[in-house]
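Student: Per TrEMBL, the features are:
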- 1-233: domain 'ABC transporter' (DOMAIN)
- Gly33, Pro34, Asn35, Gly36, Ala37, Gly38, Lys39, Ser40: ATP binding site (BINDING)
Amino acid sequence: MSLLMQLTDVAGKGRLEPVTATVNAGEILHLVGPNGAGKSTLLARMAGLTAGEGEITFLGQSLDEWLPATLASRRSYLVQQQVPPFAMPVWHYLTLHLPDKNQVALLHDVAAALGLDDKLTRQASQLSGGEWQRVRLAAVILQIHPSGNPHGRLLLLDEPMSGLDVAQQAALDALLSALCRKGITIVMSSHDLNHTLRHAHRVWLLARGKLIASGPRDSVLTAPNLASAYHMSFRRLDIEGHKMLISTAQE
């Protein structure tokens with residue numbers, strides 16, 4: 001895999017200690033760790049929306065040097081929380097995220113993949129929390145979808161599974177896997193270690209503002225690493241060919 005992003009001593013005052021790591025093109029990378037570990041802080045830095053110590057290069061260019069409009073055509077970013085716009089239909093909100101406004105078919109395809117077919121004429125402010133989450137996901141996917149934007153490279157997602165039921169999570173996983181096969185890199189935070197064990201190619205494990213392990217998922221999601229991060233004991237099980245993590249509180 002080729003290098004997409006390089007982080008060198010990236011830090012956030014009081015929230016994140018220096019992180020040096022790489023993101024490869026066409027991979028699914030999960031950020032895991034307890035609440036307050038620094039995942040959201042790191043994602044915001046990688047999106048180019050916050051300043052701080054250290055250096056990030058994206059596609060060989062310093063992230064600080066990218067023009068906002070050009071950067072938006074290369075990467076999209078789902079923040080953890082966002083208030084829905086007032087008096088705006090879902091279809092209008094999604095259209096605003098289409099680089100090519102003529103790609104109406106793509107809008108309908110992504111909406112259908114996330115079960116939003118019957119929500120397009122609804123007002124965004126009238127949606128449930130889970131519905132609004134799926135609309136936000138559809139928007140950031142449309143922004144960099146290779147069928148509508150040949151320049152799209154990176155999708156950053158802060159807790160994308162929040163508010164989704166099991167079927168909706170599976171639908172999102174299928175969509176993200178399809179994007180990955182088309183060359184889009186996906187970096188997302190997750191609190192479900194078993195989901196990460198099934199779907200991530202690589203993992204960054206953070207705790208107390210530190211990157212304590214990074215690499216292939218099986219080398220990071222080990223019992224000692226997880227115990228260090230969560231202060232709980234963990235076991236890895238193999239049940240009918242499926243790997244699973246279980247935890248027990250340390251006495």
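Here the Cβ of each residue, glycine as well, is placed from N, Cα and C on the backbone.
Because the structure is a prediction, the values reported are computed rather than measured.
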Student: List every residue in the same chain as Gly36 (ATP binding site), at least 6 positions away in sequence, whose Cβ is under 8 Å from its Cβ.
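Tutor: Listed in sequence order: Arg208.
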Student: Quick one: of Gly33, Pro34, Gly38, which of the binding-site residues has the smallest count of other CB atoms within 10 A?
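Tutor: Looking at the binding-site residues Gly33, Pro34, Gly38, the Cβ with the fewest others within 10 Å is that of Pro34.
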Student: Under 8 Å Cβ-Cβ from Ser40 (ATP binding site), six or more apart in the same chain: what's there?
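Tutor: Those within reach of Ser40 (ATP binding site), by Cβ under 8 Å and sequence separation of 6 or more, are Gln80, Asp158, Ser189.
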Student: In the predicted model, what is the mean pLDDT computed over the domain 'ABC transporter' (1-233)?
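Tutor: Average per-residue pLDDT within the domain 'ABC transporter' (1-233): 96.
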Student: Using an 8 Å cut-off from the Cβ centroid of Gly33, Pro34, Asn35, Gly36, Ala37, Gly38, Lys39, Ser40, can you name the remaining same-chain residues around the ATP site, in sequence order?
Tutor: Ser189, Leu206, Ala207
Student: Let me check the 10 A CB neighbour count of Asn35 (ATP binding site). How many other CB atoms are there?
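Tutor: Result for Asn35 (ATP binding site): 7 neighbouring Cβ atoms inside 10 Å.
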Student: In sequence order, which residues at least six apart in the same chain have a CB under 8 Å from the CB of Ala37 (ATP binding site)?
Tutor: Leu206, Ala207, Arg208, Gly209, Ala229
Student: As a test of the contact definition, list every same-chain residue at least 6 positions from Lys39 (ATP binding site) whose Cβ is closer than 8 Å to its Cβ.
Tutor: Leu31, Val32, Gly33, Asp158, Ser189, Leu206
